[in-house]
Amino acid sequence: MCVKGDAQLAAAAEISTLQPDAAKELDSFPWLTTAILLPIAASLAIPLVPDPGNGKGVRWYALGVSLTTFLITVGAYLNGYDPDIAGLQLRQVIPWVPDLGLGWSVGADGLSMPLILLTSFITTLACLAAWPVTFKPRLFFFLLLAMDGGQIAVFAVQDMLLFFLAWELELIPVYLLLAIWGGKKRQYAATKFILYTAVSSLFILLVALAMAFSGGGPVSFEYSDLAAKHLGAGFQALCYAGLLIAFGVKLPIVPLHTWLPDAHGEATAPVHMLLAGILLKMGGYALFRFNASMFPDAHVQFAPLLVVLGVVNIIYAALTSFAQRNLKRKIAYSSISHMGFVLIGIGSFSPLAASGAMLQMISHGLIGASLFFLVGATYDRTHTLQLDEMGGVGQRMRKMFAMWTACSLASLALPGMSGFVSELMVFVGFATDDAYTLPFRIVIDGAAAIGVILTPIYLLSMLREIFFGQEKPELSDANLVDAEPREIYIISCLLVPIIGIGLYPKLVTDSYRATIEQVVARDESSMKALTAPYLPLRSAPKLS
């Protein structure tokens, strides 16, 4: 394999490409910097917000800040982002200590812009979902806003050291949100979360330092500078493996997933929405940004492993979800299963499958947030998460049943919903990916289809157990009021893009198509340079 050849140079050139329309660095409005710093600065000002004592003032303040942040990201997309440009846009670079490679560097392309919009959108709805929070509301919304800025920074920064800092910044709010407002086992879930994610994220720091100080030249943590370094095959493989572990925990990849069911099992509804809607997408984004883009030669070697791990995710998590009797854990394992399609798409050398993986992240962000919000709303009424203690509540909660049905159908990839389009793109894209042998493609698509079959079984049976049959005696005295306007509004806001993407996916896919095609094309020269191909890879494939 030609490690120091044209593939790596091409990757560096493409990562650093700034089209003429994108070179409006410091003379245009700093959209991304504002979107990052506004919620963080606003969170610090929460102690100054006047409040009568019931948290109402803080709630409106946090909602206003998150909505403003969302409008800023929309403004960035409409005024400074061109989806036909594959390179970085909305750039802002401010050197700080150039000799140490330290500075502020942000930008957006097709990999990051859709996820920045998703982050600000879900966070706004999470603030609305947190309206019933009365215990320490100032601290709760402080953490929620700080998390918003940190997550946007993960997708926007173009410096690996800044990426590590942003990655770590969002860990602290999640830990505290779990440890303070979680369920009975909140301390265990929060500790497990921080141990898994903090320890694994050390690999990000080690890789960043190793790459910045290797290969000669000035010290820099800029993505484009790191990609331009001439790295040996062994060094590339070590960096790739380390980052795969770090990002695999966040995605999560089986067997690095065990923190997620515990975290979801104890979290409140708004924290659920942020975990499922945004946090998991950070892992998929990072695999695209670093593993697939920065190490094209190593990615060729690891891609079959990603595909196999994706199938394991789909089948194992679907079977485990089928066996769960706890409602939160059932949906949590369903999330792990759906993220398996992201792994298959990233491991594929087909632009269609890779585009499907990107769409799956966006789709699952919306669907996962909606399902977990409904789980929280249902628990507030029934005060139980055990399916054995539910049943027959459909007569008293018809609006809630309608919302559950719509979101469950979206999760099982009903045609006309976003999940159907994204999973179909991954299936068809991988089936037509000439980089892999035909038997391997048949086995992978066939195995993944098992998960697709299991999903409607466990989701529809879940609906039956919650809403149909005889009402359980335990619920006879429960305050089973139907969905209130706030809850209907939140679910409607999530269902509109779910259905819109399902009916016309180009609304979203066009926003990242050029960048995804560029990422996949980077691996073509690496594949052609693979002088000793191994099954299931072919030599010099014709990319679909």
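For all residues, glycine too, the Cβ spot is worked out from N, Cα and C.
As recorded in Swiss-Prot:
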type     : residues : note
TRANSMEM : 60-80    : transmembrane segment
TRANSMEM : 139-159  : transmembrane segment
TRANSMEM : 161-181  : transmembrane segment
TRANSMEM : 193-213  : transmembrane segment
TRANSMEM : 234-254  : transmembrane segment
TRANSMEM : 268-288  : transmembrane segment
TRANSMEM : 302-322  : transmembrane segment
TRANSMEM : 339-359  : transmembrane segment
TRANSMEM : 360-380  : transmembrane segment
TRANSMEM : 400-422  : transmembrane segment
TRANSMEM : 442-462  : transmembrane segment
TRANSMEM : 488-508  : transmembrane segment
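Under 8 Å from some Cβ of the transmembrane segment (268-288) lie the Cβ atoms of residues 111-112, 115, 118-119, 122-123, 125-127, 129-130, 133, 144, 147, 151, 154-155, 167, 170, 174, 177-178, 181-182, 243-244, 246-252, 260, 306, 328, 331, 335, 339, 342-343, 346, 354, 357-358, 361-362, 364-366, 368-369, 371-373, 375-377, 519, all in the same chain and six or more residues away from its ends. With a cut-off of 8 Å between Cβ atoms, the residues of this chain six or more beyond the transmembrane segment (161-181) that come close are 101-102, 104-105, 133, 135-136, 139-140, 143-144, 146-147, 149-151, 153-154, 187, 189-191, 193-194, 197-198, 201, 204-205, 208, 212, 221, 263, 266-268, 271, 274-275, 279, 282. Ranked by the number of CB pairs under 8 Å to the transmembrane segment (360-380), the listed stretches 234-254, 400-422, 442-462 are led by 400-422. 400-422 is the stretch from 139-159, 193-213, 234-254, 339-359, 400-422 with the greatest number of Cβ pairs below 8 Å to the transmembrane segment (488-508). Only residues 6 or more beyond the boundaries of the transmembrane segment (193-213), in the same chain, are considered here, and those with a CB under 8 A from a CB of the stretch are 101, 160-161, 163-164, 167-168, 171, 174-175, 178, 219-221, 226, 229, 231, 235, 239, 242-243, 245-246, 248-250, 256, 258-259, 262-263. Cβ atoms under 8 Å from those of the transmembrane segment (339-359) belong to residues 110-111, 114, 251-253, 280, 283-284, 287-288, 291-292, 302-307, 309-314, 317, 418, 421-430, 432-433, 435-436, 444, 448, 451, 501, 505, 508-509, 512-513, 516-517, 519-520, 523-524, 527, 541, 543-544 of the same chain, restricted to positions at least 6 beyond its ends.
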